[in-house]
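The structure appears below as structure tokens.
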Amino acid sequence: MTTTGNHTGVSQFLLLGLSDDPDLQPLLFGVFLSMNLVAVLGNLLIILAVNSDPHLHTPMYFFLANLSFVDICFISTIVPRMLVNIQTQSKGISYIGCLTQVYFFLIFTVMDSFLLTVMAYDRFVAICHPLRYMVIMNPRFCGLLVLMCWLIIFWVPLIHILLLRRLNFCTILKVACSDILINNIFLFVATALLGVFALIGILFYSRIVSSLMRISSAAGKYKAFSTCGSHLSVVSLFYGTGVGIYLTSAVTHPPQRSSIASVMYAVLTPMLNPFIYSLRNKDVKGALGRLLGLGTTCLHSGDFQH
């Protein structure tokens, strides 16, 4: 801390951590290191499988590879720093380091939501407009969708961080001791706009489920559900656990409990996504088998619109 006049310049923040018990630190380190490795390896295998297998060069898997890349970045924003702090028994993080971590955390969190919305639109077109699928979801349009998401995501968190930079901080629980009205207004507007984008994705999935329920034959209904079952599972995991953590933090008083829930959400979601997509998808399992040299034959069942 450095003092200038009547103000104190913040040089670092102290992180609460998950536990102060020194006996638990090796266990926490091992658990989160293992989860981080599984998440990174699983998502990396999805990216390599999509890029290496011509059968997966379709819009759906293009978006899936982007989602896996974002999940790798998402978990790498949080866990490595936490592992360093556990190993060094240090809870400090520099002021610039804290803002940088918040910036990238916001980028990849919201990008996850955006990609899920884009994937919802892709499945909506595939299920509800199959004859026009290749015309609508052409490679140029898919690339523009992802590029548009990245452009929006880079700017919204940046404005938030620049507004945080103007605040003075105090050594109390509510660390900002400046007027935060502008910050709150921006957060409200940004959250509303981003929430609308997420709501659009949920509406797409509602239309998809409604269309699937109108299919008369059991075989056709099963085939259609298998097309988007993984997407529905990931969306439920992402938004369901997010809402659960928000409600839990609102009703629980110990901050450590909400911290544990938030960290587990940041780790579990990117770790489970590769398993959800690979275990329920014959095309991905076949591509992974060939990538790993297991001699697995691709069961290209034609369940997905290409």
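Note that Cβ sites are derived from N, Cα and C of the backbone, with glycine treated the same way.
Taken from TrEMBL, the feature transmembrane segment applies to 27-49 (among others). Within the same chain, residues 18-19, 56, 64-65, 68-69, 71-72, 75-76, 79-80, 82-83, 86-87, 263, 267-268, 270-271, 273-275, 277-278, 284, 287-288, 291-292 sit at least 6 positions outside the transmembrane segment (27-49) and bring their C-beta atoms closer than 8 Å to a C-beta of that stretch.
The annotation domain 'G-protein coupled receptors family 1 profile' is assigned in TrEMBL to 42-277.
Sequence annotations record features per position, and here TrEMBL assigns transmembrane segment to 61-82 (among others). For the transmembrane segment (61-82), same-chain residues at least 6 beyond its ends with a Cβ under 8 Å from one of its own Cβ atoms are 32-33, 35-36, 39-40, 43-44, 46-47, 50-51, 93, 101, 104-105, 108-109, 111-112, 115-116, 118-119, 122, 139, 142, 146, 263, 266-267, 269-271, 273-274, 277, 283-284.
Beyond its flanks by at least six residues, the transmembrane segment (102-121) meets 60, 63-64, 66-67, 70-71, 73-74, 77-78, 145-146, 149-150, 152-154, 156-158, 160-161, 164, 194, 197-198, 200-202, 204-205, 208, 231, 234-235, 238, 266, 269 of its own chain at Cβ-Cβ distances under 8 Å. The transmembrane segment annotation in TrEMBL covers 102-121 (among others).
The transmembrane segment annotation in TrEMBL covers 141-164 (among others).
Positions annotated as transmembrane segment by TrEMBL: 184-205 (among others).
According to TrEMBL, the feature transmembrane segment maps to 225-247 (among others).
Annotated transmembrane segment per TrEMBL: 259-279 (among others), in sequence order.
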Mean per-residue pLDDT computed across the domain 'G-protein coupled receptors family 1 profile' (42-277): 77
